[in-house]
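Record features (Swiss-Prot):
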- Gly153, Asn206, His207, Val208, Glu209, Phe210, Ser211, Arg212, Asp275: (6S)-NADPHX binding site (BINDING)
- 246-250, 265-274: ATP binding site (BINDING)
- 53-344: domain 'YjeF C-terminal' (DOMAIN)
- Asn240: N-linked glycosylation site (CARBOHYD)
- Asn297: N-linked glycosylation site (CARBOHYD)
- Tyr85: phosphotyrosine (MOD_RES)
Amino acid sequence: MVTRAGAGTAVAGAVVVALLSAALALYGPPLDAVLERAFSLRKAHSIKDMENTLQLVRNIIPPLSSTKHKGQDGRIGVVGGCQEYTGAPYFAAISALKVGADLSHVFCASAAAPVIKAYSPELIVHPVLDSPNAVHEVEKWLPRLHALVVGPGLGRDDALLRNVQGILEVSKARDIPVVIDADGLWLVAQQPALIHGYRKAVLTPNHVEFSRLYDAVLRGPMDSDDSHGSVLRLSQALGNVTVVQKGERDILSNGQQVLVCSQEGSSRRCGGQGDLLSGSLGVLVHWALLAGPQKTNGSSPLLVAAFGACSLTRQCNHQAFQKHGRSTTTSDMIAEVGAAFSKLFET
């Protein structure tokens with residue numbers, strides 16, 4: 001009886017499909033057109049969602065005004081830079097300036113300071129990160145800073161990591177927003193309690209860094225077939241810290257909401273573009289928190305800031321690639337910040 005019932009159901013289903021197909025053939029568009037229409041609607045919905053979120057980013061951007069004084073639109077500190085890695089902190093700090101911060105500081109190891117100073121006279125460089133009193137030297141600047149970017153060019157020297165651990169602790173005590181990238185994320189993977197539950201932290205891991213964090217925090221491998229769920233779960237496990245997983249599409253979550261940034265970029269993946277993202281994010285986080293949830297329509301200010309930084313980085317990548325193709329570097333991308341910012345947020 002079971003076999004007959006199953007066969008009967010299958011026959012009935014086939015009849016229904018045949019009737020629907022005949023009706024579509026006579027009175028409606030072909031099935032492939034229906035599917036194409038459904039896909040187009042979903043794509044249009046996605047584009048609309050992105051545009052709505054970009055509008056929230058526009059809402060948090062402070063207007064330029066001759067009545068403001070130097071420093072009002074952002075004083076950002078970058079913590080990182082060692083003997084081996086001097087480019088990353090420069091990229092992050094100069095990107096912060098290009099996006100619209102008024103002042104950009106770099107707190108680096110003494111060996112990195114002359115090199116970073118030589119890159120740009122516009123950066124304020126402090127050669128203190130490897131000193132015995134590094135935490136105190138950075139802490140005394142915290143009242144003057146609106147946000148920290150921790151990790152670019154940091155390296156994994158034990159003494160530097162201990163100092164950065166102390167800097168993160170005093171920054172949390174002062175309620176300073178922190179963006180954590182690169183080897184700052186390696187430190188967090190070793191000590192997740194450092195930022196657990198700190199709602200003014202944003203983590204910006206790439207695929208490898210995300211996998212390491214996920215395994216350290218959730219004690220198991222991530223589900224490669226469920227990227228959205230993996231980012232959501234990691235954020236929740238960290239106490240709803242905002243997480244930005246960089247990749248073909250950037251996936252963002254604060255443990256309650258998931259956003260996807262699919263702004264067009266390019267197929268070029270040059271080293272350093274993550275530093276552009278972290279530096280610009282430091283500025284946007286400050287602006288978003290200053291603007292408050294009323295300007296973000298109730299959405300998380302940090303999620304809105306992160307979406308803006310991801311969109312900007314991708315747009316810079318796209319514009320630079322149009323000019324330079326395979327030879328595109330992060331310096332080419334940084335040169336596009338002004339035009340990309342205007343295109344996304346000021347048109």
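Glycine is no exception: its Cβ is also placed from the backbone N, Cα and C atoms.
DSSP gives Cys270 (ATP binding site) a coil state; it is part of no helix or strand. Mapped onto three states, the DSSP output places Tyr85 (phosphotyrosine) in coil. Looking only at the recorded positions Tyr85, His207, Glu209, Ser211, Asn297, the one with its C-alpha closest to Glu248 (ATP binding site) is His207. Rounded to a whole number, the C-alpha distance linking Asp250 (ATP binding site) with Asn240 (N-linked glycosylation site) is 18 angstrom. The Cβ of Glu209 ((6S)-NADPHX binding site) has Ala182, Leu185, Trp186, Ala189 as same-chain neighbours under 8 Å, each 6 or more residues away in sequence. Counting Cβ atoms from all protein chains shown, Asp275 ((6S)-NADPHX binding site) has 30 others lying within 10 Å of its own Cβ. Of all Cα pairs drawn from Gly153, Asn206, His207, Val208, Glu209, Phe210, Ser211, Arg212, Asp275, which the record names as binding (6S)-NADPHX, the longest spans 20 Å. For the pair formed by Ser266 (ATP binding site) and Ser211 ((6S)-NADPHX binding site), distance between Cα atoms is given as 23 Å, rounded to the nearest Å.
The recorded positions examined here are Ser211, Asn240, Ser266, Asn297; by Cβ neighbour count within 10 Å, the least packed of them is Asn297. When each of the binding-site residues His207, Lys246, Arg268 is scored by how many other Cβ atoms sit within 10 Å of its Cβ, His207 comes out lowest. For the recorded site, Asn297 (N-linked glycosylation site), the DSSP three-state label reads coil. Figure note: comparing Cβ neighbours within 10 Å for the binding-site residues Glu248, Asp250, the maximum is reached by Asp250. Comparing the Cα of Asn240 (N-linked glycosylation site) with the Cα of every entry in Tyr85, Gly153, His207, Gly272, these being the recorded positions, the smallest distance points to His207. Around Cys270 (ATP binding site), a 10 Å sphere centred on its CB holds 18 further CB atoms from the protein chains shown. On a Cα basis, Lys246 (ATP binding site) lies 12 Å away from Asp275 ((6S)-NADPHX binding site).
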